[in-house]
Amino acid sequence: MDVVSLDKPFMYFEEIDNELDYEPESANEVAKKLPYQGQLKLLLGELFFLSKLQRHGILDGATVVYIGSAPGTHIRYLRDHFYNLGVIIKWMLIDGRHHDPILNGLRDVTLVTRFVDEEYLRSIKKQLHPSKIILISDVRSKRGGNEPSTADLLSNYALQNVMISILNPVASSLKWRCPFPDQWIKDFYIPHGNKMLQPFAPSYSAEMRLLSIYTGENMRLTRVTKSDAVNYEKKMYYLNKIVRNKVVVNFDYPNQEYDYFHMYFMLRTVYCNKTFPTTKAKVLFLQQSIFRFLNIPTTSTEKVSHEPIQRKISSKNSMSKNRNSKRSVRSNK
């Protein structure tokens with residue numbers, strides 16, 4: 001890996017300051033991957049998002065409606081983290097697939113095994129009234145092959161727009177990956193929001209999270225065009241090909257790889273119920289607790305030693321097979 005000196009990572013898509021033409025040959029590269037990397041990616045992004053809402057006084061007393069949540073192993077960590085901070089949250093986890101048994105038996109967690117449609121969304125809104133709703137969506141439909149088609153993506157994004165319109169959440173975190181320009185069908189609309197980049201995404205993932213906080217006005221929509229798709233592809237390829245393969249030499253941390261640098265800046269914003277002498281100590285504590293929870297071996301993190309014994313994930317099969325499958329260089333995940 002090449003070295004670089006950086007003041008901060010790219011946290012949002014708009015911050016990426018360069019671009020690179022996509023090279024199909026990159027598909028032949030062997031990707032480095034951590035165990036349970038998909039759950040790690042989701043956990044870090046959602047912990048950052050919910051901590052941001054906590055900082056704004058939005059989180060306490062809310063119901064998190066998570067659509068497309070299975071297997072949801074990482075959600076147990078999120079639930080326990082905020083529960084231990086004394087933040088009152090209810091969780092409604094909805095997916096047509098079954099959830100990890102680690103989520104069973106929790107009074108503040110409701111598990112629903114079904115897919116959503118407009119009628120069911122209206123019933124959720126009626127059931128939860130007058131509670132404030134925080135929406136997290138990780139919907140993903142694939143009608144064939146390993147990757148969702150552009151038609152699949154457009155269907156998912158139309159459904160996410162309906163979720164916002166009906167549930168009227170105070171905040172949302174939506175799945176977002178722009179269709180590739182060579183697979184373009186038509187222009188479409190997504191909610192206006194901040195496009196958060198994700199550490200520990202697969203090597204050439206073009207996916208990000210669309211974060212929004214709503215202040216009472218109608219949902220603002222942004223039109224996405226083929227020209228936008230070209231911009232997304234070039235900037236995300238630059239991020240994945242060049243930036244994420246760097247070692248950050250001025251980053252004082254046991255592992256100086258860019259994704260750990262990115263993770264550091266996310267975890268530094270997270271509240272804890274104990275004090276630490278430095279921000280670095282807090283981030284190390286959080287990272288180690290997350291890696292232990294997800295059973296990610298300490299050998300994957302350089303120079304982190306003296307870890308407590310890791311707990312076992314309830315079942316190796318609790319992780320969706322689709323999340324562990326080999327993906328194309330322009331991965332949706």
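Each Cβ is built from the backbone N, Cα and C atoms, and glycine gets one as well.
Small disclaimer: the values here were computed from a predicted structure and weren't measured.
Following the DSSP three-state reduction, the secondary structure of LYS175 (active site, for methyltransferase activity) is strand. If you take the C-beta of LYS175 (active site, for methyltransferase activity) and look for same-chain residues 6 or more apart in sequence within under 8 angstroms, you find GLY68, SER137, ASP138, VAL139, ARG140, ASN156, GLN160, GLU207, ARG209, LEU210. Per Swiss-Prot, active site, for methyltransferase activity is recorded for LYS175, and the stated evidence type is a curator's inference.
In the shown protein chains, 22 other C-beta atoms lie within 10 A of the C-beta of SER205 (mRNA binding site). Per Swiss-Prot, the feature mRNA binding site maps to TYR22, ARG177, CYS178, PRO179, PHE180, ASP182, SER205, ALA206, GLU207, GLU233.
Summarising the annotation, Swiss-Prot assigns S-adenosyl-L-methionine binding site to GLN39, TYR66, GLY68, GLY72, ASP95, ARG97, VAL116, ASP138. Counting only residues at least six positions away in the same chain, the Cβ atoms of ILE67, ILE94, ILE124, VAL139, LEU159, MET163 sit under 8 Å from the Cβ of VAL116 (S-adenosyl-L-methionine binding site). DSSP assigns VAL116 (S-adenosyl-L-methionine binding site) to coil in the three-state reduction, outside any helix or strand.
For 311-322, the entry in Swiss-Prot reads compositional bias 'Low complexity'.
The compositional bias 'Basic residues' annotation in Swiss-Prot covers 323-333.
Here Swiss-Prot flags 305-333 as region 'Disordered'.
Taking all protein chains in view, 22 other C-beta atoms sit within 10 angstroms of the C-beta of ASP95 (S-adenosyl-L-methionine binding site). Counting every protein chain shown, the Cβ of ASP138 (S-adenosyl-L-methionine binding site) has 18 other Cβ atoms within 10 Å. Same-chain residues at least 6 positions away in sequence with a Cβ under 8 Å from that of CYS178 (mRNA binding site) are, in sequence order, ALA206, VAL224, ASP228, ALA229, TYR232, GLU233. Put simply, GLN39 is the one of the binding-site residues GLN39, TYR66, GLY72, ASP95 whose Cα lies nearest to the Cα of TYR22 (mRNA binding site).
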